[in-house]
Amino acid sequence: MDVTRLLLATLLVFLCFFTAYSHLPPEEKLRDDRSLRSNSSVNLLDFPSVSIVALNKKSKQMSRKEAEKKRSSKKEASMKKVARPRTPLSAPCVATRDSCKPPAPACCDPCASCQCRFFRSACSCRVLSLNC
């Protein structure tokens with residue numbers, strides 16, 4: 001009886017190894033450098049060569065001036081985009097992504113609905129379908 005258990009255990013171990021190794025991809029053995037070069041997916045000739053160019057003082061100053069102009073234009077653009085205060089909604093409703101925990105009024109957007117999480121401790125108005 002011990003012999004049959006030993007054979008069954010050996011068979012079980014063999015089957016485990018066989019199933020584990022059957023799912024692994026076969027390894028390709030490269031014999032030399034030539035096969036490595038031919039099998040490599042990245043070819044070094046595909047990349048463009050890099051050229052290093054020395055900058056003179058005039059080009060550095062021009063680039064600094066251009067950078068300052070860009071910075072000043074960005075500052076002016078940001079000053080133009082002053083945040084306007086939101087006007088309060090006349091109807092008693094909850095805006096999208098705001099808290100709608102009951103007994104709050106309904107959501108303002110007709111496509112939105114109040115969704116609660118964490119045992120109704122965090123509720124917010126969310127739009128469920130974009131086709132609405």
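Positions of Cβ are set from backbone N, Cα and C atoms, glycine also.
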Quick one: which of Cys93, Cys100, Cys132 does Swiss-Prot link to Cys114 by a disulfide?
Cys100
Which of these links to Cys111 by a disulfide bond in Swiss-Prot: Cys93, Cys132?
Cys132
According to Swiss-Prot, the cysteine among Cys93, Cys123 that forms a disulfide bond with Cys108 is Cys93
Cβ-Cβ distance under 8 Å, sequence separation of 6 or more, same chain as Cys123 (disulfide bond); the residues meeting this, in order, are Ser99, Cys100, Lys101, Pro102, Ala104, Cys114, Gln115, Cys116, Arg117
Alpha-carbon distance [Cys93 (disulfide bond); Cys132 (disulfide bond)] in Å
19
Cys93 (disulfide bond) and Cys107 (disulfide bond), distance between Cα atoms, whole Å:
5
Neighbour count, 10 Å Cβ-Cβ cut-off, for Cys116 (disulfide bond): what number do you get?
13
